[in-house]
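Undergrad: I have a structure I would like to understand better, so I am pasting it below and will then ask my questions one at a time.
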Amino acid sequence: MALADRLLEAWYRGHPALVLLRPLEALFRCVAQRRRERFLRGEGGIYRAPVPVVVVGNVTVGGTGKTPLILWLIEACRRRGLRVGVVSRGYGARPPRLPWRVTADQSAGQAGDEPLLIVQRTGVPLAIDPDRPRAVRALLKEQPLDLILSDDGLQHYRLARDLELVLLDAVRGLGNGHCLPAGPLREPAERLASVDAVLHNGAAWDPPGGYAFSLLPSALVHMATGERRPLDHFPPGTALHALAGIGNPRRFFATLEALHWRPIPHAFADHARYRAEQLRFSPALPLVMTEKDAVKCRAFAPADCWYLAVDAVPSPAFADWFDAALARLLASS
């Protein structure tokens, strides 16, 4: 097990040795608090875009289902006739220059796996740059837009925002409640009180002060042909290899089990870069992976290789809240 995986295990399941990291946690909390206070005072060269900005992010380390929810938000905005752009840090991407406009024909190595997935699914204008204000300016210079979605960036305070949406895993929650490196929190837990909405991935119903959303499988997609098959393409009890290089691979494996298949799990690091030989498993069985992994593996995927398409389904209460929030933003912009 890699060090990152060991830390995640300790943060979310507990480990007595983490107490040794408390002094570093105190330093981290101090720095995080000072950065936020500077933002609240309007210091540090904050950029306010001429259109509303909605930040979708995390206060925890580890996967929360952010990309599927962003896809849902894009479509929700489009249903209102809005022209939407997306900015992202582009973690792991190696573009020739920054900011970089992502297109559907680029490689994941050039564009980043999550940005490429978003563009391939939606065709939305998307720019990657660790300097998010610069990415926003590049998109707005290129074409007129009504709204910007920031993929992650909750802690990137140089970009002013009009709405903050935070995602939590309903099972993992806030882990041990401590900040990095003694726990999984990027900011103290009280930060949740200042955001506009908290969405709980996997919650059965809307928790107090938050909203539920689920990731529902919709189809199996063949990697080579793009053919979509219904979920009963593999009958119950089918053994298969399952590959996931995401923030929370266990959730993906549990989803396959809930579909009554028998996955042999192969977990990789989040944003892993794959080679063809890493996809050759024994015994010879179908291989099913996440869509995020598929954008990196399509060129060398084995013959019987599929990805599981999933869709974010927020609670009706959140859908109504977001629609009303958009109306307020547009009326005041």
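A Cβ is built for glycine as well, from the same backbone N, Cα and C atoms used for every other residue.
Not my notes, these are from Swiss-Prot:
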type	residues	note
BINDING	T60, V61, G62, G63, T64, G65, K66, T67	ATP binding site
Undergrad: When a 10 Å sphere is centred on the Cβ of T60 (ATP binding site), how many other Cβ atoms does it contain?
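TA: Result for T60 (ATP binding site): 24 other Cβ atoms within 10 Å.
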Undergrad: For T67 (ATP binding site), name the DSSP secondary structure in the helix/strand/coil scheme.
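TA: For T67 (ATP binding site) - judged by DSSP and reduced to three states - the answer is helix.
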Undergrad: Counting across all protein chains present, how many other Cβ atoms fall within 10 Å of the Cβ of K66 (ATP binding site)?
TA: 21
Undergrad: Using the Cβ center of T60, V61, G62, G63, T64, G65, K66, T67 as the ATP site position, which other residues in that chain lie within 8 Å, going by their Cβ?
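TA: Once T60, V61, G62, G63, T64, G65, K66, T67 are set aside, the remaining close residues are N58, L167, D169, N201, G247, N248.
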Undergrad: Let's check the environment of T67 (ATP binding site): how many other CB atoms sit within 10 Å of its CB?
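TA: If we count other Cβ atoms within 10 Å of T67 (ATP binding site), we arrive at 26.
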Undergrad: Using all protein chains in view, find how many other C-beta atoms are within 10 Å of the C-beta of G65 (ATP binding site).
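TA: Other Cβ atoms within 10 Å of G65 (ATP binding site): 23.
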Undergrad: Out of G62, G63, which has the highest number of nearby Cβ atoms, where nearby means within 10 Å of its Cβ, if these are the binding-site residues?
TA: G63
